[in-house]
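The next block holds one structure in the form of structure tokens; read it before the comments.
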Amino acid sequence: MANIDIAGIMKDLPNDGRIPKTKIVCTLGPSSRTVPMLEKLLRAGMNVARFNFSHGTHEYHQETLDNLKIAMQNTQILCAVMLDTKGPEIRTGFLTDGKPIQLKEGQEITVSTDYTIKGNEEMISMSYKKLVMDLKPGNTILCADGTITLTVLSCDPPSGTVRCRCENTATLGERKNVNLPGVVVDLPTLTEKDKEDILEWGVPNNIDMIALSFVRKGSDLVNVRKVLGPHAKRIQLMSKVENQEGVINFDEILRETDSFMVARGDLGMEIPVEKIFLAQKMMIYKCNLAGKAVVTATQMLESMIKSPAPTRAEATDVANAVLDGTDCVMLSGESAAGAYPELAVKIMSRICIEAESSLDNEAIFKEMIRCTPLPMSPLESLASSAVRTANKARAKLIVVLTRGGSTAKLVAKYRPAVPILSVVVPVLTTDSFDWSISDETPARHSLVYRGLIPLLGEGSAKATDSESTEVILEAALKSAVTRGLCKPGDAVVALHRIGSASVIKICVVK
């Protein structure tokens, strides 16, 4: 960190229309699915729209997505679409007359794997068939977001029941979620419902990324790519590690995944609550070193579901995630079902800008270089050199001309102090044409990387490679000036290819 002094705390940041480098993911729901509200969220700073398939039908989500497309068209703001799978869940069963039951501390209760029974104070059911085989006396069962703790006393496989003691007094409703901390659960990462959601809704709708719930090992991602088949190339996989098994296998998951989500909700039931900060820092640090985008999620501005201002702890939590190195911060209930979705995005955006202004980007750059094994790949060497050049020349912007977006993502890995304009260049096929992007996918994929601003440009391309590059670069700089990213007289670092050679150059904005 840098720039920490009393004057820095007292002075306001200049109100020059700056946008945060950190990206904002918003979960869409009842509070945020109309066209006017989606336009407000896009203008406030939403970069990724999350569709949570734990709730809602395909028709419901389709209506929301159609509205989002209209809002994007109206505002001319690009937004990526994320499908978040429900994943393999264990839930408690239905209750007699549908009424919640009262559990008392010290009372014993039987848990059955027969999901057809209607539960009461003596017996409840759970949806996991192998519960009796996987649990042993002394294990813990957490129900309803951890509000109820049951300790296993004995297991009876023939009858399919587990005898438990209740450790606290609480009320249990129907179909509440269940966690089994430390137990290796034999459930597929991709359930039949998930496959249906992805193949029947996600693929036809050209979604950009899938957030996979409860990823436990690297092979889970290999299997999901098999399910996606030919679509695996254009849909990014974002892994959510939500249990101990996933934490233990973190390195192999990171190798296989495209990006990552620190989903602190379920993880907080699986590991002690006082260790969550440690897991968050470890995951973000490793993602940063691997150059893979990471999203920090769950309860970031939770109180804003009902209140127009976040708690001090929440504001600090968002800022600390930025200081840890997260690429994106996420809103869940705040934007999906809260009373102040637009305000939540605006406040989150302001906190991110403030946190970013206190970062020591040069120290981060040096740490990245120190931790990257040699020899670097030619592309990585180029990307890091572009950032070093921008830091030394005090450039105001880095412009990257890229085909698939991977060069721009590598530049983002080295965390320059300035924004990165990622211009996705179409492949030249004819002598001259109006260049516009045939496929926006690479541009939308870059919306989860800190500091990356994708540009979909139009202009005319000349016959030769170097001439066309100059035209594209000129158009990109014009667009950057219009957006307020730089002004005439500023130095800008450009990174692009000419033929088979890669070039880094410093241009002065005209």
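Using N, Cα and C of the backbone, Cβ positions are placed for all residues, glycine too.
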Q) Which of these, R91, R216, R225, does Swiss-Prot list as part of the ATP site with N52, F53, S54, H55, K176? A) R91
Q.
Just to verify: the residue among H55, K176, K240 with the fewest other Cβ atoms within 10 Å, which of the recorded positions is it?
A. H55
Q. Based on Cα coordinates, which of the following binding-site residues are within 10 Å of D84 (K(+) binding site): R50, F53, R91, E242, D266?
A. R50, F53
Q. Restricting the comparison to the recorded positions N52, S54, K240, which residue's C-alpha is spatially nearest the C-alpha of K176 (ATP binding site)?
A. S54
Q: Return the residues near G265 (substrate binding site), defined as same-chain residues 6+ apart in sequence whose C-beta is under 8 angstroms from its C-beta, sorted by sequence, else 'none'.
A: D145, E242, A297, T298, Q299
Q | For R91 (ATP binding site), the one of R50, T85, K240 that lies nearest, given that the recorded positions are compared by Cα | A | T85
(Q) Fewest other C-beta atoms within 10 angstroms of its own C-beta: which of the binding-site residues D84, E242, D266 fits that? (A) D266
Q) N52, S54, T85, T298: which of these binding-site residues has the highest Cβ count within 10 Å of its own Cβ? A) T85
Q.
Rank the binding-site residues R50, R91 by how many other Cβ atoms lie within 10 Å of each Cβ and give me the one with the fewest.
A. R91
